[in-house]
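Worksheet: one structure, shown below.
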Amino acid sequence: MEISQQAGWCKKPASPMNTRAALEAVRNTAWTIVLLTSAAVMGASGISRVSANLGHSTVMTCPNRTNISMVTWKINPKTGHQCTLAYLIDKDSTGKNSCSDRINWRSRPDWDQALEIQQVGKADEGNYTCEVVNADGNFHYLYHLTVLVAPRMALYCDDHGNPVCEAETVKPAAEISWVPESNSTPRADSHGNGTVTVVSRFAARSTNGKNPTCIVSHATLNETRSINCSSRTLAQLPGGSAP
């Protein structure tokens, strides 16, 4: 059966018998068509959940396949538009559609098809798909990216001389504990911008002469600080300021 250029790429599912013919059609098609369309998937793996710290870089890799003819990265953020990177190996040609300059190949795509995001932001959260084409068909690998934000923390004395520890995060919420152990229950307040502030007020009956110590636990940071409210001495945790 004769395969037209349009049917060969846009509509015909890839199969071991027709893959070479489909790739021949791709070579004669504009890069905009390559970037905005998707071939059928012959093989797939599960979703890998990855996380990156806000403002840092992160890398996602493609599945290891031999005799690759084309590689495509498709980015579907929770907010904003889809963007696509593509590389046609036979022609040593790359294409890019709607992607930020921060999102690009980690190195030369002819020998490293990994995707790198520089200065990761909250808007980068979402699904990332690498599609690889070779003589056996099309294969893809899925990632779900979560962006972590380090807590903003403060340790201070309230108007009654009680130690108060605060930690503000986007997600997940930080955990706060005290030494000596306090019988107070931390309060978590959610805000419209997606952040969560956890507040804990030290309420132990006795400290045995020791300064209360606040312990903040989070995926991106673990900090321990002490404070002496009997003399109203202020101690701060890095990244925060007391009111």
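FYI, residue positions are counted from 1 along the chain as it appears here.
Cβ coordinates are placed from backbone N, Cα and C, and glycine is handled just like the others.
According to Swiss-Prot, the protein carries these features:
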| type | residues | note |
| --- | --- | --- |
| TOPO_DOM | 1-29 | topological domain 'Cytoplasmic' |
| DOMAIN | 47-146 | domain 'Ig-like V-type' |
| TOPO_DOM | 48-243 | topological domain 'Lumenal' |
| DISULFID | Cys62-Cys130 | disulfide bond |
| CARBOHYD | Asn64 | N-linked glycosylation site |
| CARBOHYD | Asn67 | N-linked glycosylation site |
| CARBOHYD | Asn127 | N-linked glycosylation site |
| DOMAIN | 144-228 | domain 'Ig-like C2-type' |
| DISULFID | Cys165-Cys214 | disulfide bond |
| CARBOHYD | Asn193 | N-linked glycosylation site |
| CARBOHYD | Asn222 | N-linked glycosylation site |
| CARBOHYD | Asn228 | N-linked glycosylation site |
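The structure, with features from Swiss-Prot marked on it.
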{"residue": "Cys62", "record": "disulfide bond", "DSSP (3 states)": "coil"}
{"residue": "Asn67", "record": "N-linked glycosylation site", "DSSP (3 states)": "coil"}
{"residue": "Asn127", "record": "N-linked glycosylation site", "DSSP (3 states)": "strand"}
{"residue": "Cys165", "record": "disulfide bond", "DSSP (3 states)": "strand"}
{"residue": "Cys214", "record": "disulfide bond", "DSSP (3 states)": "strand"}
{"residue": "Asn222", "record": "N-linked glycosylation site", "DSSP (3 states)": "strand"}
{"residue": "Asn228", "record": "N-linked glycosylation site", "DSSP (3 states)": "strand"}
Tally of residues which DSSP labels helix, strand or coil - the domain 'Ig-like V-type' (47-146):
3 helix, 56 strand, 41 coil
Among Cys62, Cys165, Cys214, the one of these disulfide-bonded residues whose Cβ has the fewest neighbouring Cβ atoms within 10 Å:
Cys62
Nearest by CA distance to Cys62 (disulfide bond): which of the recorded positions is it, out of Asn127, Cys165, Asn222?
Asn127
For Asn127 (N-linked glycosylation site), what is the tally of other C-beta atoms lying within 10 angstroms of its C-beta?
15
Can you give me the Cα-Cα distance between Asn67 (N-linked glycosylation site) and Cys214 (disulfide bond) in Å, rounded to a whole number?
56
Length of the line joining the Cα atoms of Asn127 (N-linked glycosylation site) and Asn64 (N-linked glycosylation site), in Å:
20
Just to verify a number: CA distance, Asn222 (N-linked glycosylation site) to Cys130 (disulfide bond), in angstrom, no decimals.
34
